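For reference, Swiss-Prot has these:
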type	residues	note
BINDING	GLY78, 81-82, THR86, 88-91, 106-114, SER118	5-phospho-alpha-D-ribose 1-diphosphate binding site
BINDING	GLY78, ASN109	anthranilate 1 binding site
BINDING	SER90, GLU224	Mg(2+) 1 binding site
BINDING	ARG164	anthranilate 2 binding site
BINDING	ASP223, GLU224	Mg(2+) 2 binding site
Amino acid sequence: MNQRLSALVNGGFLSENEAHQLMHDMMSGSLTDAEVAASLSILAHRGETAEEMTGFVRAMRQKAEPAERSLDVVDTCGTGGDGLSTFNISTAAAIVASAAGAKIAKHGNRSVSSKSGSADVLECLGIHIQSTPEETRRQIQEKNMGFLFAPMYHSSMKQVAAVRKQLGFRTVFNLLGPLCHPMQAKKQIIGVYAKEKAKLMAEALAPLEPEHVLFVCGEDGLDELTITANSYVIELKKGDMTEYTLNPEDFGLAKGYLSDIQVQSPEESAKLIQNILNHQTEGAPLHITALNAGAALYVAGKSESLMAGTLKALETIKNGAAKEQLARLKQKTKEEEIYA
């Protein structure tokens with residue numbers, strides 16, 4: 001039996017280095033499916049420690065395909081798994097934030113359990129998702145936003161894909177994805193489906209010295225800053241960790257209903273996003289997009305506070321800049337036309 005797995009079976013905890021080696025073994029295909037399943041099951045049952053998570057993240061980052069790491073970018077992504085079937089809020093927020101001057105490197109995938117993954121809705125919006133690393137870098141520099149399609153950068157995940165599908169329950173990989181940005185983005189908005197997992201992820205990321213990251217979790221269970229209730233926030237900024245609760249009404253945003261932001265398909269999500277960016281939709285969809293875009297602008301250093309960022313995001317939508325940015329993102333480059 002694998003030495004690290006043996007420690008888990010016997011009720012032990014792994015050091016950061018041991019966790020790093022276990023994840024390296026998983027990603028390298030040197031464990032049997034049974035050993036992978038046992039490791040994931042034990043961790044899911046007893047819960048991962050922050051030290052173990054840090055080791056896992058280091059290993060996954062090392063196994064990721066090379067990507068540009070010199071750009072000052074922000075990622076807006078989440079763990080998913082909230083089961084609430086909302087439209088792609090973080091994707092809409094990314095477009096608005098990029099229209100307002102933030103450089104966004106959106107890391108995402110197709111849907112696993114939701115109605116619409118970020119890759120799915122971007123395709124419906126007419127935005128190319130399978131760009132090369134070099135093309136993505138150019139998109140970020142020239143258009144303020146590029147998409148990093150997760151399977152293109154985390155090919156070693158195929159070693160555990162079958163086991164994860166067979167297990168059918170959440171595993172540590174649901175938490176690791178947002179922490180393993182291919183560009184190793186130092187600025188992020190990370191949505192988390194549960195408050196205790198947000199704390200775990202923050203404690204795991206802190207030793208890796210991020211510049212400015214917000215972990216957000218709605219009291220309604222949404223893995224975003226929500227508009228239907230208060231949101232729990234953990235802020236990591238240059239080594240300091242603070243926790244607070246955010247009430248959308250403090251930002252002048254009336255609380256809405258989940259039913260106002262739920263969709264049944266990527267096509268429906270894309271239509272709602274277009275309406276938001278065209279400023280043809282008011283209420284909860286507009287407000288939740290602005291709130292999350294405002295957070296991205298705050299983390300990017302384009303606004304001095306969450307409040308200022310939210311107001312800037314609203315103005316970006318109202319003055320037509322967000323609509324123009326969507327049109328710009330749809331324009332194909334020569335390279336994209338060749339591979340289309």
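Cβ coordinates are placed from backbone N, Cα and C, and glycine is handled just like the others.
Secondary structure from DSSP puts THR86 (5-phospho-alpha-D-ribose 1-diphosphate binding site) in a beta strand. Note on proximity: among GLY78, THR86, ASN109, ARG110, ARG164, the binding-site residues of the record, the Cα nearest GLU224 (Mg(2+) 1 binding site) is that of GLY78. Considering only the binding-site residues GLY78, THR86, HIS107, ARG110, ARG164, ASP223 (Mg(2+) 2 binding site) has GLY78 as its nearest partner by CA-CA distance.
Of all Cβ atoms in the protein chains displayed, 24 besides its own lie within 10 Å of the Cβ of GLY78 (5-phospho-alpha-D-ribose 1-diphosphate binding site).
ARG110 (5-phospho-alpha-D-ribose 1-diphosphate binding site) sits 16 Å from the residue listed as 'anthranilate 2 binding site', taking the CA atoms of both as reference points. Taking the C-alpha positions, the distance from ASN109 (anthranilate 1 binding site) to THR86 (5-phospho-alpha-D-ribose 1-diphosphate binding site) comes to 16 Å.
Just so you know, the Cβ of the residue listed as 'anthranilate 2 binding site' picks up 18 other Cβ atoms within 10 Å once every protein chain is counted.
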